[in-house]
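Per Swiss-Prot, the features are as follows:
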| type | residues | note |
| --- | --- | --- |
| ACT_SITE | His142 | active site, charge relay system |
| ACT_SITE | Asp204 | active site, charge relay system |
| ACT_SITE | Ser299 | active site, charge relay system |
| BINDING | Glu158, Asp160, Ala163, Asp166 | Ca(2+) binding site |
| DISULFID | Cys23-Cys72 | disulfide bond |
| DISULFID | Cys33-Cys64 | disulfide bond |
| DISULFID | Cys39-Cys73 | disulfide bond |
| DISULFID | Cys89-Cys224 | disulfide bond |
| DISULFID | Cys127-Cys143 | disulfide bond |
| DISULFID | Cys167-Cys176 | disulfide bond |
| DISULFID | Cys268-Cys285 | disulfide bond |
| DISULFID | Cys295-Cys326 | disulfide bond |
| DOMAIN | 22-73 | domain 'Clip' |
| DOMAIN | 97-350 | domain 'Peptidase S1' |
| CARBOHYD | Asn16 | N-linked glycosylation site |
| SIGNAL | 1-19 | signal peptide |
Amino acid sequence: MWLSLVILGVASAIVNVSTQESCTTPNGETATCLPIESCKIFWDYVVTSGADPEINSFLRASLCRQGNYVVCCGSTLKFNSALPDRTECGLQDDFKVLGGEDTDLGEYPWMALLQQTKTSGAKSFGCGGSLISDRYVLTAAHCVVSSSYTVTMVRLGEWDLRATQDCVGSGSYQYCSPPPQDIGIESITSHPNYEKSSRGVFNDIALIRLARPVNRNKYVQPICLPLPTERTPVGENLLVAGWGATETKAQSDKKQKLKLPVTDLPACKTLYAKHNKIINDKMICAGGLKGKDSCKGDSGGPLFGQTGAGNAQFYIEGIVSYGAICGTEGFPAIYTRVSDHLDWIKQNVRV
């Protein structure tokens, strides 16, 4: 039993509660705070197994107070099904190997564009995001927290910003995608500990709840969230995509793609410290290649990997946060590490 409790990652003694307080579970269910040994659904799990990472994450999120084993005792051990099953996310057709070029039509169908409406009424696409379910887009908090604009719409299924309809080929060999889906916003939730200062950007993550579910098709699909232990080794490549700045102009018309290597975090911390910036373990450093990086228009977009070759599943590992001048050699860009924010994500999505 005690081994199972240690696995939960909460190092404190069990305490008794004289009053049964009302509480809300991570799934939004109204329940009662009970000592864990009095909550049958949790206690049976602890004494028989205690080794499921998802349930352990849910249990930690169910604590009524930090520092004790009093839990919000609801009817389930797992987060709600607002997020897709891992068999239904991160899927796309098989496309050619990357090289820092235009994507193919339909490639990376989880890519989102955020429309920013300024106080003057002017509208533009200034940030990106990632569809993670039929109702939620994951992005950077700095993309949605602003006094000069409001994020008013999300576009999904886009490829070429110049075209009224995206098509490739010609004649009888031409095929086209459906029109992009422009969806309004029901609510935006930025991380409560988001901070942007002269020392850096911290907890740079936000969730956008769409006004309606997306219509899934070949061109609009959610990407998988990472596993809690998902870490790409230093030197291996991850991917970025978006409509960000290129060498010749401020923004690309077509969705771009690029491979970037993960760089050593301690070395990245030292490098940025010389410029009075703080890098912490909830961040990923990647890139630093001359002329190749994620740029301003890609803010909030994904840094993502794949589980294998061919028709692999893709998962989001980071969110584009900030960096030095785009494409500066030796200066990797900074990404929010998604696996360190899984509990927060799961607590803030609902069906």
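Keep in mind that glycine also has a Cβ here, set from the backbone N, Cα and C atoms.
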Lowest local Cβ density among Cys23, Cys39, Cys72, which the record lists as disulfide-bonded residues, within 10 Å: Cys23
Disulfide-bonded residues listed as Cys73, Cys143, least Cβ neighbours within 10 Å: Cys73
By Cα-Cα distance, the member of recorded positions Glu158, Asp160, Asp204, Ser299 nearest Cys167 (disulfide bond): Asp160
In three-state DSSP terms, the structure that Cys143 (disulfide bond) belongs to: helix
Cα separation, Asp204 (active site, charge relay system) to Cys39 (disulfide bond) (Å, whole number): 35
Candidate with the highest Cβ count within 10 Å, taken from the disulfide-bonded residues Cys167, Cys268: Cys268
Shortest C-alpha distance to Cys73 (disulfide bond) - which of the recorded positions His142, Glu158, Ala163, Asp204, Ser299: Asp204
Integer Å distance between the CA atoms belonging to Asp166 (Ca(2+) binding site) and Cys268 (disulfide bond): 40
Local confidence of the domain 'Clip' (22-73) - pLDDT mean: 84
Packing count at Cys176 (disulfide bond) (other Cβ atoms within 10 Å of its Cβ): 12
Those recorded positions of Cys33, Cys89, His142, Cys143, Ala163, Cys224 having Cα within 10 angstroms of Asp204 (active site, charge relay system): His142, Cys143
Cα within 10 Å of Cys143 (disulfide bond) - qualifying recorded positions among Ala163, Asp166, Ser299: Ser299
Fewest-neighbour residue among recorded positions, criterion Cβ within 10 Å, set Cys33, Cys64, Cys89, Ala163, Cys224: Ala163
Residues within 8 Å of the Glu158, Asp160, Ala163, Asp166 Cβ centre (excluding the Ca(2+) site residues themselves): Leu105, Trp159, Leu161, Arg162, Gln165, Ser177, Pro180, Lys254
